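Database features, via Swiss-Prot:
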DISULFID  Cys3-Cys22  disulfide bond
DISULFID  Cys17-Cys39  disulfide bond
DISULFID  Cys41-Cys52  disulfide bond
DISULFID  Cys53-Cys58  disulfide bond
Amino acid sequence: MICYSHKTPQNSATITCEEKTCYKKFVTNVPGVILARGCGCPKKEIFRSIHCCRSDKCNE
C-alpha cells in the first residue's frame, strides 16, 4: 500500500506501508485544515475527523 504522509497536497511525499489502509485526519469544524496523513486507520479523536481508505494514494 502506498499512502501520502504529509499535511498539505503541495508536498507529495509518499510512504510504502504494511497496513492495508491509509488515513487523512482533519479538524471537524474547520474545512481544509488537514492535521496528518499516513498508514493505518487510527481511532477517532474529539474534534477530529479521520477518513480511512483502502487503495494506493487514496488519502490525498
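Don't overthink the numbers, they just go from 1 along the chain as shown.
Each residue, glycine too, has its Cβ placed from N, Cα and C.
A map of Swiss-Prot features onto the structure.
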residue : record         : Cβ neighbours (10 Å)
Cys3    : disulfide bond : 25
Cys17   : disulfide bond : 16
Cys22   : disulfide bond : 28
Cys39   : disulfide bond : 20
Cys41   : disulfide bond : 16
Cys52   : disulfide bond : 15
Cys53   : disulfide bond : 16
Cys58   : disulfide bond : 17
Measuring Cα to Cα, how many Å separate Cys17 (disulfide bond) from Cys52 (disulfide bond)?
14
Taking only C-alpha atoms and a 10 A limit, tell me which of Cys39, Cys41, Cys52 are near Cys3 (disulfide bond). These are the disulfide-bonded residues.
Cys39
Provide, as an integer number of angstrom, the distance between the C-alpha atoms of Cys41 (disulfide bond) and Cys22 (disulfide bond).
6
Going by C-alpha positions, which of the disulfide-bonded residues (Cys22, Cys52, Cys53, Cys58) is nearest Cys39 (disulfide bond)?
Cys22
Rounded Cα distance in angstrom between Cys22 (disulfide bond) and Cys53 (disulfide bond) is 5
Name the secondary structure element type, per DSSP in three states, that contains Cys39 (disulfide bond).
strand
In whole Å, note down how far the CA of Cys58 (disulfide bond) lies from the CA of Cys52 (disulfide bond).
9
